[in-house]
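In TrEMBL this protein carries:
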- 1-25: signal peptide (SIGNAL)
- 45-119: domain 'Cytochrome c' (DOMAIN)
Ligand code: HEC
């Protein structure tokens, strides 16, 4: 009885992770970060922290129908390299006008990690890698 519930719970957690694209089929994805000139493992601790910061510090303006003059932004509005460029060059209007000022360099790096794993071109039909 207890055992059956445990199995159901494990399956539920697995499905939840799968739906988030966080199960990499045993393969870790790496992102080369041009800012720090280092490779970053796209692990849950980074992408989850990035997801939370993206929701609180980017989607706070970029939600649909906002009155802040910001376009509706989705994680797949950019390719993986496109997101890297946004964070490396910081040449989007909000990065230049100080809207990113309260975010630390580490905050920005994990938001970049999150967006990289959810970018437009993360799913490659030619490879056996899962989404993300
Ligand atoms: C204070 C409001 C505000 C916040 C917070 C904010 N933005 Fe913006 N953002 C804007 C405005 C306004 C523009 C210029 C209009 C536009 O193109 O959406 C813009 C433009 C952009 C663009 C260019 C739009 C496009 O599709 O070409 C990107 C990309 C972007 N923001 C990403 C981000 C990210 C990533 C964050 C979080 C780190 C963020 N923004 C936080 C207001 C904001």
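Glycine residues also receive a Cβ, built from the backbone N, Cα and C atoms like all the rest.
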Can you check how the pLDDT averages out over the domain 'Cytochrome c' (45-119)? 96
The domain 'Cytochrome c' (45-119) resolves under DSSP into 43 helix, 0 strand, 32 coil
